[in-house]
Amino acid sequence: MSCPVIELAQQLIRRPSLSPDDAGCQALMIERLRAIGFTVEPMDFGDTQNFWAWRGHGETLAFAGHTDVVPAGDADRWINPPFEPTIRDGMLFGRGAADMKGSLAAMVVAAERFVAQYPNHRGRLAFLITSDEEASAKNGTVKVVETLMARNERLDYCLVGEPSSTEVVGDVVKNGRRGSLTCNLTIHGVQGHVAYPHLADNPVHRAAPMLAELVNIEWDKGNEFFPPTSMQIANVQSGTGSNNVIPGDMFVQFNFRFSTELTDEMIKSRVIALLEKYQLRYRLEWWLSGQPFLTGRGKLVDAVVNAIEHYNEIKPQLLTNGGTSDGRFIARMGAQVVELGPVNATIHKINECVNAADLQLLARMYQRVMEQLVA
């Protein structure tokens, strides 16, 4: 299939960019962007490659994404080697095809076509690309955003190319994401022999009533844009492995995906109050990986919806479900942020694939967003 979007996607897939290794993907993108007049600023931190690129001045529309991918798993189970892209029955197979090298290719080609048509565009078109999204995300977009904010860089709109669609490209646009807060809780007891419980203090028994109440809390009812806050216990560890030893400690890890109805401080306060209610001895560690954010109807959402309706003749759903994305960092800049990308049915799976025609359509949608906001 001869198509600049598909050809670039294949070139990116051939580079085995296991997070946080970029494997040359950004060099390929930078070469294409510089050729059409972009100024490119590499922003590497630690083992992570990032770049910020821009063309023009004024109101700024940035396209954001990541070049890194998750491991392929058992390569023998793929219909084709995972880093040797192939097209079968109109589907482009390869690790990263959907998440998210297909989107990156669509962004770059859309920019090339846009600049050719509007060489003197009125606004500023930008790219924020990282190689650290799938793993720790500590040296990627968050560090670039901190740098840009420190120098008062302008960012009005940001389109993240995460695979947002479910059945057909553009059927779902993510216009926000829930916050994510993890609690690492250790309940302290006194280790002892199971035959002499009066000489010990079993932390599992101590914690059980508290955990029962915790899992039954209704944190909120959600709102127009967000489902109710959820809390899930992810890990529980206790004991020595022996059947005659009362454990000395119990470790419980639980995660909150919370809406804009709550703050992380509200959640923390309620958990601590519950621990105090049951008079537990404990140690707490919190990890806030992202605050909730929401982009309401405005210029960016309207432009994205218009592009989808124009090219795919469907009205997209505006949703905030799913996991976190780098949009949570970009939203700190005060920008309107949405996510639009290909169908996500096979991301992180064996035989990850994307409809090749969808990538061509996505490039046209991206270009139309550019035309509406910075032409």
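Every residue, even glycine, has its Cβ placed from backbone N, Cα and C.
The Zn(2+) 2 site in Swiss-Prot is built from ASP99, HIS348 plus one of GLU134, GLU313, GLU371, namely GLU134. Site annotation (Swiss-Prot, ligand Zn(2+) 1) includes ASP99, GLU162; from HIS66, HIS193, HIS198, the additional listed residue is HIS66.
In the three-state DSSP classification, ASP99 (Zn(2+) 1 binding site) falls within a helix. For ASP99 (Zn(2+) 1 binding site), the same-chain residues 6+ apart in sequence whose C-beta sits under 8 angstroms from its C-beta are VAL69, VAL70, GLU162, PRO163, ASN344, ILE347, HIS348, GLU352. Across the structure, GLU134 (Zn(2+) 2 binding site) and HIS66 (Zn(2+) 1 binding site) place their CA atoms 8 angstrom apart. Cβ neighbours within 10 Å of GLU162 (Zn(2+) 1 binding site), excluding its own Cβ and spanning all shown chains: 28.
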